[in-house]
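The structure appears below as structure tokens.
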Amino acid sequence: MDIQSNVLTITSGSTPTDTSSNGQAAKSTKERIKRSDFPSDFVFGAATASYQVEGAWNEGGKGMSNWDYFTQSQPGGISDFSNGTIAIDHYNMFKDDVVVMKKLGLKAYRFSLSWPRILPGGRLCHGVSKEGVQFYNDLIDALLAADIEPYITIFHWDIPQCLQLEYGGFLHERVVKDFIEYSEICFWEFGDRVKYWITLNEPWSFTVQGYVAGAFPPNRGVTPKDTEETQKHARLHRGGGKLLAAFKYGNPGTEPYKVAHNLILCHAHAVDIYRTKYQESQGGKIGITNCISWNEPLTDSQEDKDAATRGNDFMLGWFVEPVVTGEYPESMIKYVGDRLPKFSEKEEKLVKGSYDFLGINYYTSTYTSDDPTKPTTDSYFTDSHTKTSHERNKVPIGAQAGSDWLYIVPWGIYRVMVDMKKRYNDPVIYITENGVDEVNDKSKTSTEALKDDIRIHYHQEHLYYLKLAMDQGVNVKGYFIWSLFDNFEWAAGFSVRFGVMYVDYANGRYTRLPKRSAVWWRNFLTKPTAVPLKNEPEKSEDRRKRLRGST
């Protein structure tokens, strides 16, 4: 099909390309993207996650999470040896942070709840933390007072460490019962004001980085002889980092499929509880967020086209197809065989249709080709029989950002959206994360670090291609920036910055300053005459003293 023929050509199975004489027409069109190009009820927001921003790891009765334990006991697993003990101190600074959101013109804030902050002992029988519940109540109330809609993620990778130690966390089916209990507490405590729920964030990342690559807790996966290939795969998506020298070996050919299966059942049961007991009275919606690095065929061969489809199946389809159809993708059933768990008839009915919307986190794309090599051992990384590359004929798929896995490929978001509409029954979609990082260059002054034109262009171009997909009938309802603030980026620690708001880690006060991209978003979302953002110092001397460790 031809879309805006003077600017762009997109045909089925092809990569969008400029058709203007020098590409300048396309560039200028993207730069002119504006709020009014989207429906008036289209939601623009920003996103964070509990461990990445809250800090206060042992305040208010909070229990230890798997990430608390991992980063504090094995600091070598984080590229800069940092942790989220303080993170960016959102726990103590949330009121000021809501003011920032309001000034930016955001209408929604997506954040996650910390399971061990609400249930320090992992389950209800060990008690609910009143302080933890109060923190989230205060945050929700502050958002609503600022006319900002809360979008809550129930689980964004921080399981109570006590459950990890007791039975292996998501590797054991016992986690389903505990997750149901935790989810219901969330619905009960916050559902009167929260109208958008996300059960899980990127179950693919949690599963693969934790149980195949060994880069996330519980650091299970490969054996020593697998390290070179696994290191390559570990860097293919956000958050992947270096492998630990002493991580715990598991079985990368079976464990990820068990973990994923339990995650899907956790999701489905939580949705069932919400729909059965809370949705009618509370009037909310519930879904799941998944990630996709779009797999583009390396060549026009049928083998590579099929491989690209498998690549998408083994990442996005692994978790989306079950909630849409009740079954895993056919390619996974074929290539994984008996190692892929099966849903019982009852579970299939529970899982199928367990969503009101689908969240998508999109950052990048990759070239994919067929790999007919027969592996010597079973592993998720080789089960799809695919090879990935960020180059075609020595030409990168896009400009590289701060992380070695993130290449800027705006047209990939269009491909994902159109493919989802076609394959998954035209679902309601929210872009729950989209963003780009820069290296945290400590030699730069804070003033220099605020100049992030790369981020402005990244968002302009992705919004442009997202709008093209919407013009083709894709039912996208919202877009969330990753991230609102610079924060702790998992295995990358504080070595990269994703925020539109700069966080000054060095001054000990975690001062927030608007980058150029924040100003761009402000202008995009509000009237040109809006009051500009100001670089105001922190107001709380007590907070400064506490963070410095003084009295």
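Using the three backbone atoms N, Cα and C, a Cβ is placed for every residue, glycine included.
Annotation source Swiss-Prot lists region 'Disordered' at 1-33 (among others).
GLU433 (active site, nucleophile) carries a strand DSSP state (E or B). Annotation source Swiss-Prot lists beta-D-glucoside binding site at GLN52, HIS156, ASN201, GLU202, TYR363, GLU433, TRP482, GLU489, TRP490, PHE498, citing similarity to another entry.
Per Swiss-Prot, the feature active site, nucleophile maps to GLU433; the stated evidence is similarity to another entry. Non-local neighbourhood of GLU433 (active site, nucleophile): ALA47, THR289, CYS291, ASN361, TYR362, TYR363, PHE480, TRP482, SER483, each in the same chain, at least six residues away, with C-beta under 8 Å from its C-beta.
Annotation source Swiss-Prot lists region 'Required for the homomultimerization' at 502-551.
According to Swiss-Prot, the feature region 'Disordered' maps to 532-551 (among others).
Residues or ranges marked as motif 'Nuclear localization signal' in Swiss-Prot: 542-550.
Sorting the binding-site residues TYR363, TRP482, TRP490 by the number of other Cβ atoms within 10 Å puts TYR363 first. A count of other CB atoms within 10 A of each Cβ picks out GLN52 as the most crowded of the binding-site residues GLN52, ASN201.
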